[in-house]
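Okay, so here's the structure we're looking at.
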Amino acid sequence: MSIKVIVAGFKGRMGATAVDMIKEDKDLVLAALLDPFAKEKEIDGVPVFTDKRELSQFSADVWVDFTTPKVAYENTHFALENGFRPVVGTTGFTKEEISELIDLSASKKIGGLIAPNFAIGAILLMEFAAKASKYFPDLEIIELHHDKKKDAPSGTAVKTAELIKEVRSYKEQGAKDEEETLPGARGAEFDGFRIHSVRLPGLVAHQEVIFGAQGEGLTLRHDSYNRVSFMSGVNLGIKKVVKQEQLVYGLEHLL
Ligand code: NAP
């Protein structure tokens, strides 16, 4: 049976790539498109909406969201309230928002996914980084993205940091008497280690986790050179959430 999918943010870089992926999969049906600034009423027979409230009477299985951090929570909440299983790539959720959405999905017995990164290599990088941090507690995260990205640090960097925090004992890194002569030079502080955000044209999505110990170093790096790198994860998410009864945070929970 085909899965009917709504794409919110279909005019954006990720949303447009998701639309192409859905069209190419015979098991998926592009049911509706949402963008507040769209002028079209339909595209190739697919209805276009500018206000999500118009979708409350609409019938679809999954809500794919690649919008902006400002509306991602509201959209995901709306999707769950209206029986659409959310598959959300938009970043910028707070911890509290995620746990509230998990509770809402459980009360409605509806599956869903919030994934800060849909690339399998990035999932592996996060897992390897958490494992390495047990043995190398001194580390820094450097995430690198294109210069149109709205939030910093990236959702992937935050998730990596959270996974590391679960296994690494707290350690304040750097010299005790360290001084920043230029504010921000040492990056953002998270549980005693630092996260740095690089924004440059030409980049897509990249992350390094650098570990240092006495006389040795370890660097883990993942690169998404192209937005297609995220699509097998989005596809898998769509097909899995229809069988689940609770939203999960991180693609690794569905692999
Ligand atoms: P983008 O090109 O700016 O696309 C976002 C689109 O959403 C824009 O077309 C924007 O329209 C539209 N939009 C804004 N408010 C909306 C609303 N209320 N309803 C529907 N659409 C709305 O950004 P992107 O590069 O595609 O990235 C989108 C999100 O995905 C970001 O949060 C990014 O960090 C994240 N991302 C996640 C992954 C992952 O693997 N999870 C990978 C890459 C990116 P306007 O431009 O007119 O405002």
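Glycine residues also receive a Cβ, built from the backbone N, Cα and C atoms like all the rest.
Unlike curated records, TrEMBL annotations are generated automatically.
Per TrEMBL, NAD(+) binding site is recorded for GLY9, PHE10, LYS11, GLY12, ARG13, MET14, GLU40, GLY89, THR90, THR91, ALA115, PRO116, ASN117, PHE118. The NADP(+) binding site annotation in TrEMBL covers LYS41. Per TrEMBL, domain 'Dihydrodipicolinate reductase C-terminal' is recorded for 121-255. The active site, proton donor/acceptor annotation in TrEMBL covers HIS145. Sequence annotations record features per position, and here TrEMBL assigns (S)-2,3,4,5-tetrahydrodipicolinate binding site to HIS146, GLY155, THR156. Annotation source TrEMBL lists active site, proton donor at LYS149.
Structural mapping of features recorded in TrEMBL.
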| residue | record | Cβ within 10 Å |
| --- | --- | --- |
| GLY9 | NAD(+) binding site | 25 |
| LYS11 | NAD(+) binding site | 17 |
| GLU40 | NAD(+) binding site | 12 |
| LYS41 | NADP(+) binding site | 9 |
| THR90 | NAD(+) binding site | 29 |
| ALA115 | NAD(+) binding site | 28 |
| ASN117 | NAD(+) binding site | 28 |
| HIS146 | (S)-2,3,4,5-tetrahydrodipicolinate binding site | 14 |
| LYS149 | active site, proton donor | 16 |
| THR156 | (S)-2,3,4,5-tetrahydrodipicolinate binding site | 25 |
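Around the Cβ of ARG13 (NAD(+) binding site), the same chain contributes PHE66, LYS148, ARG227, each under 8 angstroms and 6 or more positions distant in sequence. Neighbours of HIS145 (active site, proton donor/acceptor), defined as other CB atoms within 10 A of its CB across all chains, total 22. In this structure, the binding-site residues that sit close to ligand 1, with a C-beta under 6 angstroms from any of its atoms, are ARG13, THR90, ALA115, chosen from ARG13, GLU40, THR90, ALA115.
When the alpha carbons of ALA115 (NAD(+) binding site) and the residue listed as 'active site, proton donor/acceptor' are compared, the span between them is 17 angstrom.
Restricting the average to the domain 'Dihydrodipicolinate reductase C-terminal' (121-255) gives a pLDDT of 96. Surrounding the centroid of the Cβ atoms of HIS146, GLY155, THR156, where the record places (S)-2,3,4,5-tetrahydrodipicolinate, the chain contributes additional residues within 8 Å, namely THR91, PRO116, ASN117, GLU143, HIS145, LYS149, ASP151, SER154, ALA157, ALA205, GLN207. Cα-Cα distance from LYS41 (NADP(+) binding site) to LYS11 (NAD(+) binding site): 14 Å (rounded to the nearest whole number). Using THR90 (NAD(+) binding site) as the reference Cα, a 10 A cut-off selects GLY155 from the recorded positions HIS145, HIS146, LYS149, GLY155, THR156. Across the structure, LYS11 (NAD(+) binding site) and HIS145 (active site, proton donor/acceptor) place their CA atoms 19 angstrom apart.
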